[in-house]
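What follows is a set of notes on a single structure, which appears directly below.
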C-alpha cells in the first residue's frame, strides 16, 4: 500500500488551492494536509483548517495571526499559526513534507516555491511567475536539489503528458518539432477592438470556460496569461521561444499539443477543470480519480482553431519579445503586468492601457543579467517603480 503523502498547499484559499484540497479529500488513504497558507481570506482559511486539520497554517502578518489563532482556539483546532514569508518557506521546506502545491499568485510565491525546490520536494507548480521571473536560477535549483517539478497549468501539464519520459535529453533528441500551446482567446476574443477601452473588470473576470481568480482572469482576457505560459514552457521543456506556437482554441478541450518530426501530433483532451492536472501531478506517475466528469465528445461536436491576433492582444507580442530577450526582461514584464492588472481592477486604467504601460516599462528598463535572486528582485522592484510612475502620470 502507498504511504500517505503529506502535502503543503501554498495559496490554499485561491481557486487552485481549493481544487487541490477537493482532490486530496477524495483520497484520504493517500494524502494528508500538512500545512495551508492564506492571504486575505482568513475566515475561509479557518474553515479549511477545521476541515483538514493541518499541523500549520501561514498568514501574512501578526494581525491575521491573532485573528486566526482566536478562531482556531474557539473551534478546538490544534493547528499552529506561522507568519510571513519565513513561515511560508518553513512549511514548504519542512522535512515532514512530501509535496508542495505552489499556488500563490505572482512574485510573492517565488521565495517559498524556491524553498520547496531547494529542499528537494515534489513541487506542483501553479505559480508560473516563479519561472517567468527566475527561470535559469529556478531550473538550476531543480537540477541541483533533485526536486521533482510537475506543472499544474493545464497547458503545461498537457505538454508534459504528451512528451516522452526522457524529454530532458532535449526536444530535438526525442523528435519534437514544436510545442503547440492552446489558448481560449478569453472573453474578448470577438469583442470589436474599438470597444475594448470600455470593458469593465467584471467583464474581464467572466471567463467563458474556466473558473479562476481575478488576476489570472484579467491576464487571460489580455492574453498576457498565454504570454507568461509561453515563457514558462520555454523553461520547463528547455524550448526556444520560436519552438512554442500559440493556437487559439475557443472550446478549451484540447489543452495543448506536441508536434513530432514524423508527422504525429499528440494532444491531451479533457473538460476544462483544474482538478485534472492537479490529480495528474499529485499522483504522478500513477492516475487517480479527480472528480472531473468524463469528456463527452458528442456533446462537444466540434473543435475550432485560429491564429492569435497580436494587434488585439499586444501582451502576447510583448511576452514573446521578453522571452527572446531573456535575462531581466521576463521579470520586468511580470512586475509591470502585476501593477497594471491591479490598477485595471481598481478602475485606475482602461483595459488597453495594461499593454501600453507594460510596453513603456519594458522600453525604459534596460535588459541586464540576473545571476542571483537578489538581482531578480531588484529588476522586479525597478519595474514596479517605473509602473507606479507611469500610473501617476496617466492613471485616473
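The backbone N, Cα and C atoms fix where each Cβ goes, and this holds for glycine too.
Note that the structure is predicted; figures quoted are calculated from it, not measured.
For the NADPH site, Swiss-Prot lists 13, 14, 15, 16, 127, 129; matching the candidates 213, 227, 263 against that entry yields 213.
Binding site for Mn(2+) per Swiss-Prot: 153, 155, plus 229 from the candidate set 63, 70, 229. The two recorded residues, residue 13 (NADPH binding site) and residue 153 (Mn(2+) binding site), show a Cα separation of 17 Å. Residue 14 (NADPH binding site) sits 16 Å from residue 207 (1-deoxy-D-xylulose 5-phosphate binding site), taking the C-alpha atoms as the reference points. Annotated Mn(2+) site 153, 155, 229; additional same-chain residues within 8 Å of its Cβ mean position, judged by their own Cβ, are 128, 151, 154, 156, 157, 181, 225, 226, 232, 233, 256. For the binding-site residues 127, 128, 129, 229, a Cα-Cα cutoff of 10 angstroms around residue 153 (Mn(2+) binding site) retains 127, 128, 229.
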